[in-house]
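Engineer: Sharing the record's features from TrEMBL:
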| type | residues | note |
| --- | --- | --- |
| BINDING | THR32, HIS64, ARG124, ALA148, SER191 | L-threonine binding site |
| BINDING | ARG55, SER150, SER158, ARG205, TYR240 | ATP binding site |
| DOMAIN | 10-209 | domain 'YrdC-like' |
Amino acid sequence: MPLCLNASDPAAVEAAAQRLAAGSLVGMPTETVYGLAADAGNASAVQRIFEAKGRPSDHPLIVHIPPAEQGDWRAAAAPFAREVPVFAAALMQAFWPGPLTLILPRRPEVAAVAAGGQDSVGLRCPSHPVAQALLLAARAHGVHGVAAPSANRFGRVSPTTAAHVAEEFAELPDEALLILDGGACPVGIESTIVDCSRGAPVLLRPGVITPAQIEAVCGQPLRARDEAAPRASGTLESHYAPRAKVRLMAAAQLKAALDVLGPDAKHIAVYARSPLKTARGVALRRMPDDAAQAAQALFAVLRELDATGVNLIWVETPPEGADWDGVRDRLQRASA
Ligand code: TXA
Ligand code: MG
């Protein structure tokens, strides 16, 4: 079993920093989801992330950095990025620390294995106090960037609690993984990713920071994705998949389907915003009306419904509107 320590104990954060410095893995709470962290400058430590996740080695990881001194984000990014376009610096200023990842041209010094062989690097400064404390403590031990994908097995639902991480990597011994328990992640879905390496901003993954917010800060429109856009595992068609099959349905379709169910349909669970009556035995969870609250709860609910042993999870299609983009995107991928 992985070792799980309460992150409110400063000794736990220090122990985690020492593990990172020694090339070992740490489950790191962030405001978005928990990350599976390793020293980005240590190729064999980064290799351990890929092995533990079962992630293909050509899928790049995000490098996490502590907050900039005096708010100088350009200087903070300089050890990793060859250049920071003006619009990318504006995004850092506006949204860092926070749930935004920027793809920038990679310095050759950054371990290529962390970047999945791309000549770019994903950078993010998380706002979660435990993540920041860990990144700063790790720096004191000579760790200057922390590579961390979401702490789930490849293709599965991202973790938003320490217990989820422990569940994903249950067979790792305590010396191989220390999980810092920082409570439930407040944002709940992964960071918005903007590619800043190709002249104009390109949205690679929707999150709680919306396209309109990004365009306002950049002072230019987002450019559409093209074929040459770098690969992003969180953008694979099928991802975030629970064991049960997820099916997205409009409210009316969902209601009609429930109406014709037999009296006892224990193999189905429902996650819906609309008030619905379900047959006896059907687990029903209510999706919050607020997009931010829905994002916060999403992965935990999918895991919880999955754990009831159902074969099917019927989910009401989220509403239109940019504030639901992140939730809609994750649900579409979970159902693909
Ligand atoms: O909120 C988050 O971003 C969380 C927390 C832990 O920070 N991390 C996360 O990592 O979601 P991961 O590995 O599950 O998703 C990162 C995504 C992947 O889809 C990856 O392909 C993409 O970022 N990415 C990373 N570096 C990239 C690069 N150089 N070029 C293109 N995509 C990149
Ligand atoms: Mg992921």
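Yeah, the Cβs are placed from backbone N, Cα and C, and that goes for glycine too.
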Engineer: Cβ-Cβ under 8 Å from HIS64 (L-threonine binding site), same chain, 6 or more residues apart: which ones?
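Structural biologist: Same-chain residues close to HIS64 (L-threonine binding site) (Cβ under 8 Å, separated by 6 or more) are MET28, THR30, GLY35, ALA37, LEU123, ARG124, CYS125, PRO126, ALA131, LEU135, GLY145, VAL146, ALA147, ALA148.
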Engineer: Same chain only, sequence gap of 6 or more: which residues have a CB within under 8 Å of the CB of THR32 (L-threonine binding site)?
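Structural biologist: Same-chain residues close to THR32 (L-threonine binding site) (Cβ under 8 Å, separated by 6 or more) are PRO99, PRO126, CYS185, VAL187, GLY188, ILE189, GLU190, SER191, GLY207.
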Engineer: Using DSSP, would you call TYR240 (ATP binding site) helix, strand or coil?
Structural biologist: coil
Engineer: Around the L-threonine site formed by THR32, HIS64, ARG124, ALA148, SER191, which additional residues qualify by having Cβ within 8 Å of the site's Cβ center?
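Structural biologist: Once THR32, HIS64, ARG124, ALA148, SER191 are set aside, the remaining close residues are THR30, GLY35, ILE62, PRO99, THR101, PRO126, ALA131, GLU190.
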Engineer: Write out the long-range same-chain contacts of SER158 (ATP binding site), meaning residues 6 or more apart in sequence whose Cβ is under 8 Å from its Cβ.
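Structural biologist: Once residues fewer than 6 apart are set aside, SER158 (ATP binding site) is near VAL33, TYR34, SER150, ALA151, ASN152, ILE189, GLU190, TYR240, PHE299.
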Engineer: Among ARG55, SER150, SER158, ARG205, TYR240, the annotated ATP contacts, find the widest CA pair distance and round it to a whole Å.
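Structural biologist: Among the residues the record ties to ATP, max Cα distance equals 18 Å.
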Engineer: Over the residue list THR32, HIS64, ARG124, ALA148, SER191, recorded for L-threonine, what is the maximum interresidue Cα distance in Å?
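Structural biologist: Site span for L-threonine, by Cα atoms: 13 Å.
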Engineer: Measuring Cβ to any atom of ligand 1 with a strict under-6 Å cutoff, which of the binding-site residues THR32, ARG55, ALA148, SER150, TYR240 qualify?
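Structural biologist: Cβ under 6 Å from ligand 1: THR32, ALA148, SER150.
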Engineer: Counting other CB atoms within 10 A of each CB, which of the binding-site residues ARG55, ARG124 comes out lowest?
Structural biologist: ARG55
Engineer: If you check the binding-site residues THR32, ARG55, ARG124, ALA148, SER150, TYR240 one by one, which have a CB less than 6 Å away from any atom of ligand 2?
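Structural biologist: Going through THR32, ARG55, ARG124, ALA148, SER150, TYR240 in sequence order, those close to ligand 2 turn out to be SER150.
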Engineer: Other than its own, how many Cβ atoms are within 10 Å of the Cβ belonging to SER191 (L-threonine binding site)?
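Structural biologist: 27, counting other Cβ atoms within 10 Å of SER191 (L-threonine binding site).
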Engineer: Validating a neighbour-count step here. Other CB atoms within 10 A of the CB of ARG205 (ATP binding site): how many?
Structural biologist: 20
Engineer: Once the chains shown are all counted, how many other Cβ atoms turn up within 10 Å of the Cβ of ALA148 (L-threonine binding site)?
Structural biologist: 28
Engineer: Validating a neighbour-count step here. Other CB atoms within 10 A of the CB of TYR240 (ATP binding site): how many?
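Structural biologist: Summing over all protein chains shown, TYR240 (ATP binding site) has 26 other Cβ atoms within 10 Å.
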